[in-house]
Amino acid sequence: MGSKSPEDHRQGPDGGSADTAIAIVNPPKSAAASGLLQGMLEGQDEDGDDDDDEKTGIDLKTNDGAKKKRKRNKKKSKKLSVVQQTSPPRVPLATLFDNQPYPEGQIVDYNVKDDNLQRTTAEELRHLAAVRDMDDDFLKDYRKAAEVHRQVRRYAQAIAKPGVSMTRLAEEIDDGVRALTGHEGLETGDALKAGLAFPTGLCLNHVGAHWTPNAGAKDVILKHDDVLKVDFGVHVNGRIVDSAFTVAANPVYDNLLAAVKAATNTGLEEAGIDARIDHISEAIQEVMESYEVELNGKTIPIKAVRNITGHNILRYRIHGDKQVPFVKTKTDQRMEEGDIFAIETFGSTGKAYLQDDVGVYGYGRNENMNPAVLHQSSAKSLLKTIDANFGTLVFARRQLERLPGVEKYHLGMRTLVNSGLVESYAPLVDIPGSYIAQFEHTVLLRPNCKEIISRGEDY
């Protein structure tokens with residue numbers, strides 16, 4: 001989920017067709033190898049041997065005196081059902097993995113650079129706070145969230161074909177995340193245990209970020225010539241995995257997608273403890289803008305979007321206080337041990353500068369505002385519901401509307417937004433007729449290595 005640049009930044013609360021047949025997805029090989037799929041082969045008994053080879057020692061004499069051996073009846077083998085993910089994915093990961101460890105992300109050793117770097121006292125304190133936050137369940141929670149993301153997006157990629165509606169795609173992603181985390185989010189506080197980290201973003205063509213379907217609006221259908229960016233987040237106990245990809249049915253956009261994917265991978269390669277953010281930004285832009293795309297007979301340079309950035313992630317907060325631009329910048333900021341970053345890039349065939357559009361993508365709580373300013377009872381009640389169910393997580397209208405008892409909330413929400421207690425987020429767009437692509441991964445800067453936690457076989 002992109003973070004807007006400071007000059008325009010309104011930071012969050014810290015913040016085929018529908019009947020396409022999809023093959024059932026098997027669990028990861030690592031899970032099967034670790035004993036996840038436990039079952040006996042047909043025709044084997046409990047000792048693992050084939051009963052056909054077993055004979056009894058009982059001798060029977062025939063009339064001619066010859067001996068023959070009587071076969072013992074075969075034991076009927078017990079078949080244990082193999083746990084597999086369904087399509088669409090709805091089996092909770094806790095059931096699928098059955099206490100087995102969740103898969104690691106991509107582990108990358110650091111490149112040791114002798115910069116003779118010194119951290120200031122403030123940086124040391126910030127680093128210590130980040131390390132303290134990495135408790136015993138840190139990696140378990142992060143790897144679970146990442147595996148949920150991989151399995152849900154695998155299905156999303158399979159159905160994101162021309163003819164699918166954005167509403168269906170968003171609902172499949174939302175429902176998949178809830179099912180696999182095992183938290184439907186209907187009971188008070190359940191969505192804070194695990195689930196969606198922010199509204200599922202489905203942005204077409206010149207819409208760069210922060211668009212999601214809302215109830216009551218005209219549904220949008222994916223077309224052959226569309227460029228679709230799919231950006232969604234999964235959290236487990238506030239550990240947020242933020243990852244995004246782009247799909248395009250028309251191969252004319254292949255170079256656009258390749259440029260952005262290469263730029264994101266460059267950012268991931270450069271990321272690490274003590275890495276200078278200005279160096280990372282410059283490297284990203286150099287790779288991104290080395291590509292061109294031919295559209296309607298014209299060769300168009302691909303530009304790195306200037307006013308949206310990658311960002312660090314805090315617990316229950318999708319946007320922290322560090323940003324990673326995609327263009328050359330001046331900053332003394334460095335990445336630090338314990339940091340978690342969403343390394344993402346956006347490439348555009350337009351002006352590569354995004355502006356607010358009409359509509360609402362989502363809402364987020366502003367913790368810096370005192371709720372004592374509220375006097376309207378409906379607004380107070382709505383704020384209580386938001387705090388209890390979303391906390392500092394950004395949420396969409398459809399997430400709020402599915403909660404029991406939430407009705408006719410629009411006046412209360414308007415009051416909360418006008419008072420500054422809740423911030424609203426608009427879609428971000430480039431010029432009409434342009435096309436934007438996005439790729440994104442979450443990386444953990446662990447003490448001895450970096451782990452690209454959301455990496456999969458797809459991207």
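Any Cβ shown, glycine's included, is placed from N, Cα and C.
Because the structure is a prediction, the values reported are computed rather than measured.
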Swiss-Prot divalent metal cation 1 site partner of Asp242, Glu440, selected from Asp231, Asp254: Asp231
Residue from Glu344, Glu401, Glu407 that Swiss-Prot also lists as binding divalent metal cation 2 with Asp242, His311, Glu440: Glu344
Length of the line joining the Cα atoms of His311 (divalent metal cation 2 binding site) and Glu440 (divalent metal cation 1 binding site), in Å: 11
Candidate with sparsest Cβ neighbourhood (10 Å radius) among Glu344, Glu440, the listed binding-site residues: Glu440
